[in-house]
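A quick write-up on the structure given underneath.
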């Protein structure tokens, strides 16, 4: 991850100033905050609604190479059930861990996040971690029955929903025979 994609603004709630940590390895600070979700976290099926709260409970720890950020993010995701297509909401708690390298740290082969001066940008980290935790097939509930394949009725609303079994016309003549070999309906 790289925070070089947008200019950092100290007033942005997802931009953290680490001045108070200095560059003293072992210096630590806890951060509990809530902010509004930026636009575009998620997919077409499920995502974090723009402006909904993201609650962060983080620990920022100064290490030799930079600042290690660990903690959790709590978000509410909204979308559409993958079986019955009804609207759904779900609460997610996501573990976060990222090392932000100091600007003058030795470059390495990893795509580690870099600080911009004393500022670090949490938005790419939160965005990536939330998207990775989103369910591939969101469900309104684990036992969702989905839709009737014949008529599209919601089977959660009508669990007793049935249709006359259609007989393949190629086998229609056999429907008139009983299992005992006598003509008539079985």
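Backbone N, Cα and C define each Cβ position, glycine as well.
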TrEMBL annotation of region 'Disordered' - which of the ranges 131-158, 159-186 it falls on: 159-186
Helix-strand-coil residue split for the compositional bias 'Basic and acidic residues' (159-171), DSSP-based: 3 helix, 0 strand, 10 coil
